[in-house]
Amino acid sequence: MEQKLKALSHLYVTVFMWGFASCIVIPAITDVTMFALCPGTDECSLAIYLSGIQQAVIGVGTTLMMPLIGNLSDQYGRKSLLTLPMALSIIPFAVLAYSRTTNYFYAYYALRTLTAMICEGSVNCLALAYLADNISDSQRASAFGILSGITSGAFVCSTLAARFLSAGSTFQVATFVSMLAVVYMRTFLEESIPVRDESMTQPILKESEDAIQKDGNVVPRKMPVFKRIPSLGDIISLLRSSPSFTQAAVVAFFYNLAEGGVLSSSMYYLKARFHFNKNQFADLMLIAGIIATASQLFIMPLLVSPIGDGKLLSIGLLISCIHAIIYSLAWSPWVPYATTALSAVMVFAPPSLRSIVSKQVGSTEQGKAQGCISGVSSLANIIAPLIFSPLTASFLSEDAPFHFPGFSILCIAFILAIAFILSLTIGNAPSNSSDKSSSNCMEV
């Protein structure tokens with residue numbers, strides 16, 4: 001038990017440092033983008049459209065990569081697969097750490113788009129699978145909540161640090177901490193492989209071998225590693241492996257469609273409507289992050305046992321819907337700050353959803369399951385900017401169909417309402433992992 005706790009502590013430190021590096025640039029990136037593309041203005045349709053295109057392209061990549069990364073982590077270990085996204089995420093930060101002129105911004109834009117196809121969501125997906133390897137079913141919702149709390153804590157610390165750093169220093173710090181996270185993870189984090197056999201100790205790029213009969217003798221037959229890539233049919237089979245899994249995937253789609261809409265519209269909405277700057281964005285995110293961290297670390301673990309992860313999911317989605325409605329009707333700059341109080345309940349949704357998913361598969365399929373849900377989430381992230389980027393740009397322009405700057409946020413509230421209604425059918429999902437040690441949907 002002590003060894004497991006030590007291993008989990010190294011995982012939490014790794015996730016904290018990676019989250020810190022990823023989040024510290026968020027308050028600055030809007031101003032950097034606006035300065036590079038539309039200097040001297042508060043509205044920039046080009047920035048909105050480029051952000052939407054990037055989000056959609058990243059979504060396509062992650063939809064394809066997440067199931068593959070999860071599948072490979074089940075075979076070769078979580079630590080081995082964590083190395084790739086954590087190392088790749090350093091490159092875009094280093095570009096803007098060097099310069100933030102227009103040419104370098106476009107270089108960052110291209111590199112960020114390419115690397116995020118692998119990095120976006122991978123660390124969280126693999127960390128969840130790592131926890132599932134080491135935590136029992138009854139404690140997973142709490143453990144997932146703590147992991148989310150660690151991520152929120154990293155968000156709070158990074159946002160606070162960004163408050164006192166220039167844009168250039170922000171990206172330099174992000175680059176350094178990203179490198180430190182990779183070194184720490186490779187040095188201290190223990191490997192976690194669900195089932196150990198000889199084939200799982202081979203390098204990822206080495207060809208695997210399968211036994212065949214030849215002249216009465218058993219001889220190995222080489223099979224390329226890419227035979228291990230799950231097909232669309234494999235993913236569909238896994239999604240249909242249990243009713244709760246299927247329902248959770250549908251809820252994940254709508255929830256992440258709404259979250260993608262928030263990414264595509266909220267900052268531009270606040271900048272255009274209330275002229276928010278970098279420091280105001282940082283303050284807003286800092287307050288929300290503190291509340292979310294405290295809730296996930298101290299409140300959610302107390303509520304999981306008496307309430308259950310199914311009800312926590314529904315409650316989180318309902319409050320998220322209410323938050324979006326109020327946000328869309330914001331009549332003063334203090335309204336977005338006031339609504340951050342709802343973050344204490346909104347943050348229940350993601351870890352509860354992941355806990356429900358984790359309970360529906362066996363110990364050797366945690367990577368596949370979390371990867372498939374991440375793929376579904378990425379699919380939603382493809383669609384979200386295609387809807388919300390033009391919608392936001394239209395209602396923030398002078399030629400809006402009618403005066404309602406927060407119309408895109410109201411649409412997000414409608415999507416969250418759908419997710420809430422669907423979540424009511426899940427209930428407190430029972431654990432099927434004990435009798436689902438292996439489904440054949442993704443066997444190689």
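Including glycine, each Cβ sits where the backbone N, Cα and C put it.
The feature domain 'Major facilitator superfamily (MFS) profile' is assigned by TrEMBL to 7-431.
The transmembrane segment annotation in TrEMBL covers 12-36 (among others).
Long-range contacts of the transmembrane segment (48-69) within its own chain (CB-CB distance under 8 A, at least 6 residues past either end) are made by residues 33, 37, 81, 84-85, 109, 112-113, 116-118, 120-122, 125-126, 229-230, 234-235, 260, 263-264, 268, 367-368, 371-372, 374-376, 378-386, 388-390, 392-393. The transmembrane segment feature in TrEMBL is assigned to 48-69 (among others).
Annotated transmembrane segment per TrEMBL: 81-99 (among others), in sequence order. A Cβ distance under 8 Å defines the sequence-distant neighbours of the transmembrane segment (81-99), meaning residues of its chain 6+ beyond its ends; these are 14, 18, 21-22, 25, 32, 69, 72-73, 105, 107-108, 111-112, 115-116, 118-119, 122-123, 126-127, 167-168, 171-172, 174-175, 178-179, 181-182, 185-186, 189, 367.
The transmembrane segment feature in TrEMBL is assigned to 105-131 (among others).
Under the heading transmembrane segment, TrEMBL lists 143-165 (among others). Residues of the same chain lying 6 or more positions beyond the ends of the transmembrane segment (143-165) and with a Cβ under 8 Å from any Cβ of it are 8, 12, 15-28, 124, 127-128, 131, 135, 173, 278-279, 282-283, 285-286, 289-290, 292-293, 295-297, 300-301, 304, 347-348, 350-352, 354-355, 358.
Positions annotated as transmembrane segment by TrEMBL: 171-189 (among others).
If you look up TrEMBL, you'll see 248-269 (among others) marked as transmembrane segment. Outside the transmembrane segment (248-269), and at least 6 residues removed from its termini, the chain residues within Cβ reach (under 8 Å) are 30, 43, 47-48, 51-52, 55, 59, 239, 276, 281, 313, 317, 320, 324, 327, 349-350, 353, 356-357, 360, 372-373, 376-381, 383-385, 387-389, 391-393, 396, 405-406, 408-409, 411-412, 415-416, 418-419, 422-423, 426, 429.
Taken from TrEMBL, the feature transmembrane segment covers 281-300 (among others). Within the chain carrying the transmembrane segment (281-300), a Cβ under 8 angstroms from the stretch's Cβ atoms is held by residues 26-27, 30, 141-142, 145-146, 148-150, 152-153, 155-156, 159-160, 162-163, 267, 270, 312, 336-337, 340-341, 343-348, 351, all 6 or more beyond its ends.
The transmembrane segment annotation in TrEMBL covers 312-331 (among others). Note on the transmembrane segment (312-331): residues 141, 251, 255, 258, 266, 273-274, 300, 303-304, 339, 342-343, 345-350, 352-353, 356, 406-410, 412-413, 416-417, 419-420, 423-424, 426 of its chain, located 6 or more positions outside it, place their CB under 8 angstroms from a CB of the stretch.
TrEMBL lists 337-357 (among others) with the feature transmembrane segment.
Packing against the transmembrane segment (378-396) from elsewhere in the chain are residues 43, 45, 48-49, 51-53, 55-56, 58-63, 66, 120-121, 252-261, 263-265, 268-269, 272-273, 404-408, 411-412: each is 6 or more residues past its ends and has a CB under 8 Å from a CB in it. Per TrEMBL, transmembrane segment is recorded for 378-396 (among others).
Below 8 angstroms of C-beta separation, residues 244, 247-248, 250-251, 254-255, 257-258, 261-262, 264-266, 269, 272-273, 310, 313-314, 317-318, 320-322, 324-325, 327-330, 356, 387-388, 391-392, 395-396 of the same chain, each at least six residues beyond the ends of the transmembrane segment (402-426), sit close to that stretch. The transmembrane segment annotation in TrEMBL covers 402-426 (among others).
Highest Cβ contact count with the transmembrane segment (171-189) among the listed stretches 12-36, 105-131, 337-357 falls to 12-36 (criterion: pairs under 8 Å). Residues 128, 140-141, 144-145, 147-148, 152, 244-245, 248-249, 251-252, 255, 283-284, 287-288, 291-292, 294-296, 299-300, 303, 309-310, 312-313, 315-317, 319-320, 322-323, 326-327, 369-370, 373, 426, 429 of the same chain lie 6 or more positions beyond the ends of the transmembrane segment (337-357) yet place their CB under 8 Å from a CB of it. Per-residue confidence over the domain 'Major facilitator superfamily (MFS) profile' (7-431) averages out at a pLDDT of 84.
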